[in-house]
Amino acid sequence: MQQTMFKFKRVKTNIIEYFSPKFIDINGQKVTKKFPFLLISTILASIIIVILLFIRIKPDFQNSKTFGSLLANFFDLSTNAEIGEKNDITAADTAKESLRLLWQTISYSILGTILGIVISIPIALLSSKNFIKTPLIYLPMRAFMSVIRTIPPIVYAYIIYFILSPSLVASISIAIFVTSLMAKWLYEDLDTYDVSSYYGLQSIGNKKLIAFKTSILPYLMKRIVSYGFYSFEMVVRFAAILSIIGIATIGQLMADEYAVPRNFGHLSIAIWILIAFMIILEFFTFFVKKWILDYRAKHPKINENADFETRLKQLKQQKPKNIYIKVIVSILVFALFITSLFSIDFTLANREGLSYFREGINNLFHPNWSVFQWDSGDNPIILGFEALAIAILASIIGLFLSLILGILASRKITGTYVSLIFKFMIISLRAIPTFTYALIFLLWQKDSIIWAGVLALGIHSIGMLGKLINESVDKIDDKLFQSLDSVGCSTWTKIRVGVLKEILPQTLSNFLYRIEINFKSTVVIGAVGACDYGQQINIYSIDINNWNSLSSYLIFTIVLLLIIEQISNILRKKIMYGYFFEENTFFKKLLRTKLLAKSLAISAYSKIPFIYDNRIAKFEIAKFRNFLNNKYCLDKTLNLKDSKTISEQHKLVIKEFKQQNHLILLDVKEIKKTAFLTNWKENSRQLANWKIFKKLKYALRAADKSVSKYFETKSQETLSYVNK
């Protein structure tokens, strides 16, 4: 019986050994290779989640035959449109109205974008921990902006619609949208910017304003211009969406009355005009990037033998020509800004409107908790997770199709002329508002309305992710492609080896962010009935008497999106940098201490030097585990008749190791406690009583240093002991 149990233990140990970390020592280079549990489990979990999502959403193509015939109406421009009582609207009338509403949309977007940028700059500076060193300032600012960012932008327009003119509502809601995005992008950039020059200028007597103007402002302005043009493109589409609340934008030509089969020809006119504007904007953005943002002036050539006047003249002749381009672009933007002001009606609501609004705000701060009852019929938790399923599945569809289009749209893969075709496709998909897609795809389905929502957000995601993927591919160094061409690699090999490995981390990071955006976009497609969660938010937003129920939905939205944002940040760190959490987090320090304690215990047992290094500690632990398994379990030369003795020896070794490890951890705990209390008492005499967080920070830092010193001392002691 004892022998049978030993055989069973050997089999069990073999299985465990297969999945345990392997150690390799190549010319002193100690490497520990772990079994890819995380990768395999992530792939399996992703496949299962996608299958379950498809089962829940229920893809529906039952109306494919009739839907295909309806799409032919997009090319019928001879039929007059029927809108309400009017049945004589010609294609020319629709084109004129499209241009008029497009200018209205652009006006709102220009004013809202500039206003949002101006507001976002001080917020970004106050939110940057690299610029503002006080956590009591930057942490609340970040938390506040995170909450503002989680609320769907269309909700802001609904709320302020009762107190402002429609044009002012559009501009301010766009400004809030831009501020929430720009502030995050700018403070993340400032967190990675080297501010040593800023503090260096202050140390030699310059004022903060001069130091900021000289060191940080040039970098900040470049980022503002880059993000500003990108934001403007986004808000033009967002401004079009504002038509669902009654604001005159080009989106009203893509809404219910036009998105019906008999008016598809007129709908296509509005779509093509919007696409044409997006193409012009794309060229303008490319021009600005090339001649302003990424422009590098050539080194001037001067005749060193000439006199001073001649050399000065040569230098002036070769000064950068892009200064004229900067002036022209600045004048153009300023002129458009001034012109857009004349399109805005700067009026406020009357007393009755303000009273009505105050009543709504009061309802907004008194949530209707009854909607959270499981059988309420409009439970935000149930509908919210359904919307999340729509957002995830739409993002997955967008990711895979955008990878194809984004890569093919790069001139480095398909050449200059062929790539333009795919770039045009990406721009076209990105230009059409999501609610227009939803209205069209609702004609395709029969029994699954939410499938139309998935397709609407998925197709729109192709355009958004495709643009980012295309930019990532274009940034790849040409030398990589030249080296692959030199060894005769095919186009597919270049994509697989050269492109996918380079762009995948950033692409997956953008994919995670896209899930958040698509979840908020369910409110837009909900306005046309393609998502129950978004539909309920639209219904509650229209009437202030329902703002208490709207508040409940917003609370759930904020909580869910904040959780998703934190999970996305953790996953994004793993994808981009190779770790989930930074090394200075509490539990990472705790795990590192336990790892080093195990390595020190092994050193004491095996009489080998202890080296204060995480990588070597992992190596020694894997080596020790392998040694125990080979000596007491896996060695086939062992006599099975002595299995009882062997098991007892194995248990004795493990017991001795655990005792040694326990003693080391007790020593570490006592050292940390002593260092923490000592430093706390010293800081209490030097710092004010209210500076609790600073005292805690210094005390924890002292405790960490004491642990590091302990292991460094042990490393020197074991080394000298072994040498003797």
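Just so you know, glycine gets a Cβ as well, placed from its N, Cα and C.
Computed from a predicted structure; not experimentally measured.
Look at TrEMBL and you will find 102-285, 384-568 tagged as domain 'ABC transmembrane type-1'. Residues annotated as transmembrane segment in TrEMBL: 37-57, 106-126, 147-164, 170-187, 235-255, 267-288, 323-344, 381-408, 420-443, 449-469, 550-571.
Using the rule of three or more Cβ pairs under 8 Å, pairs at least 6 apart in sequence, the transmembrane segment (550-571) is in contact with the transmembrane segment (147-164).
Just going by CB pairs under 8 A, the stretch in 37-57, 170-187, 235-255, 323-344, 381-408 that sits most against the transmembrane segment (267-288) is 235-255.
Contact between the transmembrane segment (381-408) and the transmembrane segment (449-469) is supported: at least 3 Cβ pairs lie under 8 Å, counting only residues 6 or more apart in sequence. Scored on C-beta pairs under 8 angstroms, the neighbour of the transmembrane segment (106-126) with the top count among 37-57, 147-164, 235-255 is 235-255. Nonlocal intrachain contacts for the transmembrane segment (147-164), taken as residues 6+ away from its ends with a CB within less than 8 angstroms of a stretch CB, comprise 170, 172-173, 176-177, 179-181, 184, 238, 241-242, 244-247, 347-349, 353-354, 356-357, 360, 364, 520-521, 523-524, 527, 537-538, 541-542, 544, 550, 554, 557-558, 561-562, 565.
Beyond the ends of the transmembrane segment (235-255), by six or more residues, the same chain brings 94, 97-98, 101-102, 104-106, 108-109, 112-113, 153-154, 157-158, 161, 166-167, 169-170, 173-174, 177-178, 266-267, 269-271, 273-274, 277-278, 281, 430-436, 439, 524, 527-528, 538 to within a C-beta distance below 8 angstroms of the stretch.
Relative to the transmembrane segment (420-443), the listed stretch 449-469 leads the set 37-57, 323-344, 449-469 in CB pairs under 8 A.
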